[in-house]
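Taken verbatim from TrEMBL:
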type: TRANSMEM; residues: 20-36; note: transmembrane segment
type: TRANSMEM; residues: 42-60; note: transmembrane segment
type: TRANSMEM; residues: 72-101; note: transmembrane segment
type: TRANSMEM; residues: 107-127; note: transmembrane segment
type: TRANSMEM; residues: 139-156; note: transmembrane segment
type: TRANSMEM; residues: 176-196; note: transmembrane segment
């Protein structure tokens, strides 16, 4: 049986206002990061994800968008919970939002970091089949993209930046393993603790919606 191609009127698309607003956000966020932290900061997984999302809102690619969805949603959820706890307790339980209370960092930089609050909602909305869509192969592509970001942050980033926790997991200096071994292990840990759980989390949210690429099993 020959597969039928959906008619053009059902072609998923992102509304122009959403594309323009996200592009405007990027036009503000990128200069703020460059001015205060330099280009190294773009190696962070969620920072890199924003560039990929920007590409996908203008050039819809379900697989590429889906590769970032799990990471953005899971990290955003953890970041939000940690920030709430930090406000309530006076200190970040995990340390991942401690910088939000660091007065030595520019207020503009800390303010723009609040994208962790809304970007997960935006990317879930994009994953609807009538927008960009969700491809269940996404986390496997993220294994490659994420590993490249981890290695890139370790290789090109200053150690004190601790990009993607390549030098000090949760602020604890890594002194147990050779650097190369630790970074390789970190890439595997990211798969087990971020990419795959994030994929399952996204699927639990969009699972009731028709998936654009449902023929691909997880």
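Glycine too: its Cβ is placed from the backbone N, Cα and C atoms.
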### Query
Okay, the transmembrane segment (42-60) and the transmembrane segment (107-127): do they have at least three CB pairs under 8 Å, pairs separated by 6 or more?
yes
### Query
Do the transmembrane segment (72-101) and the transmembrane segment (42-60) share at least 3 Cβ pairs under 8 Å, sequence separation 6 or more?
yes
### Task
Give residue numbers and ranges for long-range contacts of the transmembrane segment (139-156): same chain, 6 or more residues beyond its ends, CB-CB under 8 A.
40, 43-45, 48, 52, 63-64, 66-68, 70-71, 163-164, 166-167, 179, 183, 186-187, 190-191, 194-196, 198-199
